[in-house]
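Here is what TrEMBL records for this protein:
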type	residues	note
BINDING	Gly12, Ser13, Gly14, Lys15, Ser16, Thr17, Arg118	ATP binding site
BINDING	Ser16	Mg(2+) binding site
BINDING	Asp34, Arg58, Gly80, Arg137	substrate binding site
Amino acid sequence: MIDNILLIGFMGSGKSTVGKELSKALDCKFIDMDYEIEHKENRSICDIFNTDGEDHFRKLETHYLQSLLKTDNAIISTGGGVVLKEGNRKLLKAIGKVIFLHADVEHIVKNVKDDTTRPLLQSDDYMKTITDMLESREDKYLSSADIIIQTSGKSVACIVDEIMTLL
Ligand code: S3P
């Protein structure tokens with residue numbers, strides 16, 4: 001039995017991929033918050049944003065996060081914007097150990113280029129969008145994190161090994 005581990009970080013930083021592999025290595029369950037919200041709502045994140053707006057999505061996100069207080073023995077991949085609300089940042093700490101997957105802009109752009117599933121990145125100048133969002137969120141990721149892992153240029157296996165040595 002382990003404490004929950006929450007992976008935070010920007011879109012495209014590898015939270016879901018790393019989370020799945022880490023859950024296998026630690027033999028515990030894997031929870032992807034966005035997937036769970038989509039499943040509960042029976043519609044995609046894009047649909048939620050387009051139909052009801054970002055504020056509504058943020059409420060669903062907080063609501064789902066609160067439900068995780070009852071979970072244990074899980075690796076949880078969060079949505080990139082989970083750190084935006086102060087209340088969420090406190091919840092993260094109450095739920096488990098928080099690991100920030102820190103990736104360079106170049107790494108992120110490579111991973112999210114041509115992605116149509118992320119409503120906040122549907123801009124012509126997504127390089128600028130990403131740079132601006134990263135800058136405005138960086139402090140929030142850092143202040144929420146118990147552990148910070150640099151992911152750019154590293155394989156998933158290497159990131160998982162690094163996390164395991166720090167637990
Ligand atoms: C968001 C990140 C997305 C998803 C939503 C909003 C954000 O999750 O929750 O599109 O504000 O950064 P991923 O980080 O898994 O892409």
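Note: Cβ is positioned from N, Cα and C throughout, glycine not excepted.
Heads up, TrEMBL stuff is auto-annotated, nobody curated it.
The shown structure was predicted, so the numbers you read here are calculated from the model rather than taken from an experiment.
Here the features listed in TrEMBL are painted onto the structure.
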| residue | record | DSSP class |
| --- | --- | --- |
| Gly12 | ATP binding site | coil |
| Thr17 | ATP binding site | helix |
| Asp34 | substrate binding site | helix |
| Arg58 | substrate binding site | helix |
| Gly80 | substrate binding site | coil |
| Arg118 | ATP binding site | coil |
When the Cβ positions of the binding-site residues Gly14, Arg58, Arg137 are compared with the atoms of ligand 1, which fall under 6 Å?
none
Spatial separation of Asp34 (substrate binding site) from Ser16 (ATP binding site) - C-alpha basis, Å:
10
To the nearest whole angstrom, state the Cα distance for the pair Gly12 (ATP binding site) and Asp34 (substrate binding site).
13
Looking at the binding-site residues listed here (Ser13, Gly14, Lys15, Thr17, Arg118), whose Cα lies nearest to that of Arg137 (substrate binding site)?
Ser13
According to DSSP, which kind of secondary structure is Arg137 (substrate binding site) found in, if we only use helix, strand and coil?
helix
If you count the other Cβ atoms within 10 Å of each Cβ, which of the binding-site residues Lys15, Arg58, Arg118, Arg137 comes out on top?
Lys15
